[in-house]
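Student: Below, the features straight out of TrEMBL:
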- A:1-34: region 'Disordered' (REGION)
- A:38-60: transmembrane segment (TRANSMEM)
- A:104-318: domain 'ABC transmembrane type-1' (DOMAIN)
- A:108-129: transmembrane segment (TRANSMEM)
- A:141-161: transmembrane segment (TRANSMEM)
- A:190-210: transmembrane segment (TRANSMEM)
- A:243-269: transmembrane segment (TRANSMEM)
- A:300-319: transmembrane segment (TRANSMEM)
Amino acid sequence: MTTTSVHRTGRASDGAAGPRPAAPAPERRARKRAPGSASTWTAIGFAAPLLAYLAVFYAYPLWRNIELSLHDYTVRSFVLGDPAFVGFEKYAEVFTANAFPTALVNTALFTLVSIAFQYAIGLGLARFFHANFRLSAVLRALFLVPWLLPLIVSSSTWAWMLNSDHGIVNSVVQAFGGEQINWLTSPDTALTAVIIANIWLGIPFNLVILHAGLQQIPGEVYEAAALDGASPRQQFWRITFPLLRPVSAITLLLGFIYTLKVVDVIWIMTTGGPGNASLTLAVWSYREAFGTGQPDFSPAAAIGNLLIVIALVFGFIHVRMQRSWEKS
Amino acid sequence: MKYRSLPLARSAGALAAAAALAVVAACSSGGGSGSGGDADTYTWWDPYPQHDESSAWAERVNACGEEAGVTIERTASDTTDLTNRALLAAQEGTSPDIILLDNPAVSTLADTEMLTTVDELGLDVSGVDENLLAAGVVDDQAYGIPIGANTLAIYYNADILAAAGVDPASITDWDSLTSALAQVTGNGDQGITFAAIGTEEGSFQFLPWFWGAGADLRDLDSPEAVAALELWKGWLDAGYAPNSVLTNSQNTTWEEFLTGEFAFAVNGTWQVNSAAEAEFATGLVQIPAMNGGAAPAPTGGEFIVAPAQSDTDRYDVTRQIVECMTTPEGFVETATTFAYYIPPTAEGQDALLTAEPELEPWVAAVREAKGRTSDNLGTDYPKISEALWTAVQNALSGSATPADALAQAQADAEAALG
């Protein structure tokens, strides 16, 4: 719809300009439109760096990933450059693999549970720091620490804390009379353990964005609500939450995409194990490509493409929702 | 009307900028350490970034270059990265002249036709121990020479063993080891720690038990294999080994041992110096086979390989450099430089033992050791290994019985190998 209308207006203005008595300006404009003239080259010249950048860093890797997933790349054919074209065979292999249902369910649990807690805790903290009490800025800065630490450091620290025999978490549990919990080494708790670590890592991101969002809400609205006798609970659910909706939506979308791709935290803590107990799609892709002695690039690329599609779907849902809000 | 100002000059400027960008991009992508350009500079990649330019190791490499009348340009990176870079370089035709490559990767790279055979290079490998050379042999062709080998054994904490009244010499088979574990844990100490992590390291540590039971990597669900996995599982269930072995790398295992709480730790030749510096007395026993005797442990260590070059005239100098690194004196020097390599030739081993007689158990272990890619497994090994470590993880974590886990592993390995 939009393209045709632009096209039409373009043509209409051309038509309006055409019949005018011969003036220098329209003539120049007409010359500009002709292909091969200097100004067309100027336009191309200015766009070229951007186009080259997009082609080299976006289009090519994406194309290459698709190409990898449609061929049967072994180490041998990777070097010799003669992989057999197998169509969607690698995708079929991925979908029928034993690990696929596990990885899919784990990915869903890992992503949804992580962002639900990250968002809820992030919003709670943002609300808390919005009150702007003494030292609130300092405390808020401290909450950013998980974000600033290199992931290898925070993940290793979590792995130590959750160690079955010597971890601090278990020593606390046992001090209160609990049983030793094999956080990272039992198939029942490994996924929970990496989710806990990932929630902690994601809180600062949610806190920062939601805190900024809260500051956009004008104070008068709250004053008016308070005058009308709205309780703090009502103020939160009737004012803060609805007015924060666009910010929340983008926070959740970005959080979703980030969490979907998480490899490092899980890889460092459990390598997706024990067995496949904490395997997500992203970790599976990494494991196929780099986790074994023999790289399997084709299935890894197929899983990667699947992740891109999932992220895209949620991106479209976000755009849809935003449009419908703008309309209402 | 901005357009009026010199459109030609502008477009020329913009195009020039775009061209400059392209040139920059081209330069940065072409900046790899390719060979073939300079006849007097030979490129060398190794996985020892801990040895910098001024180290004894780097000096040795340079000396071998000087002896052959050329300069060696050495680049060090970690093992995994090195293998990936070697593959990319081969794809782009910019392979270095020499790579020191982790032994299980040799057959993988040989399969890509990117390596020269020792015959093509004119090297004599008759003196190299067969069991060590085998890791780099594919279809009866050797693709490199081990520059040294290391393997696994069981370190023990002599203080703990003495306190529990265990004689290390009594550990000769699985039963005697398990009863030793019962004795030390009964005395209030921790038993044994090893690495059962879900990576190649997990398979590496499991193999001595697997082979020691008489199992074969082509047959992962044999009764012998199940017996080996049940041994480990039994130790975990009895509390002889900590649950954390499931996420332990070999380094973590060693750190646990160094706390002085553990009676035993399975680890490699590379910890010899660290064990000597430990705050308690340590000793060494070979990993026992199920029914007695030493179990074959897997070999670790690098091979010196020469990737194929378009300019075959370079091979002559490459051969001289390789020969310089693999003389008996060269092997001993490598062994002492790294403190964890046993020379791969009988001559080199004798020379090393003359200098350092306390390494005798390690020389014996290396002689018993077996390459992971041997038995013509070659490029099948990584896939089998993945199935194996997954089975170990599943069994030890309790998500499957050892027999079921290994049956699944055999099915997975067969599926992966097609």
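Even glycines carry a Cβ here, placed using N, Cα and C.
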Student: Check the transmembrane segment (A:141-161) against each of A:38-60, A:108-129, A:190-210, A:243-269, A:300-319 and return whichever range has the most CB pairs under 8 Å.
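Tutor: That would be A:190-210.
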Student: Kindly say whether the transmembrane segment (A:108-129) and the transmembrane segment (A:38-60) touch, using the definition of 3 or more Cβ pairs under 8 Å where each pair is 6 or more positions apart.
Tutor: no
Student: Short question: which residues 6 or more past the ends of the transmembrane segment (A:243-269) have a Cβ under 8 Å from it?
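Tutor: 107, 110-111, 114-115, 118-119, 122-123, 151-152, 154-156, 158-159, 162, 184, 193-194, 197-198, 201-202, 205-206, 209-210, 212-214, 216-217, 221, 278, 280-283, 285-286, 291, 307, 310-311, 314-315, 318, 321-322, 325.
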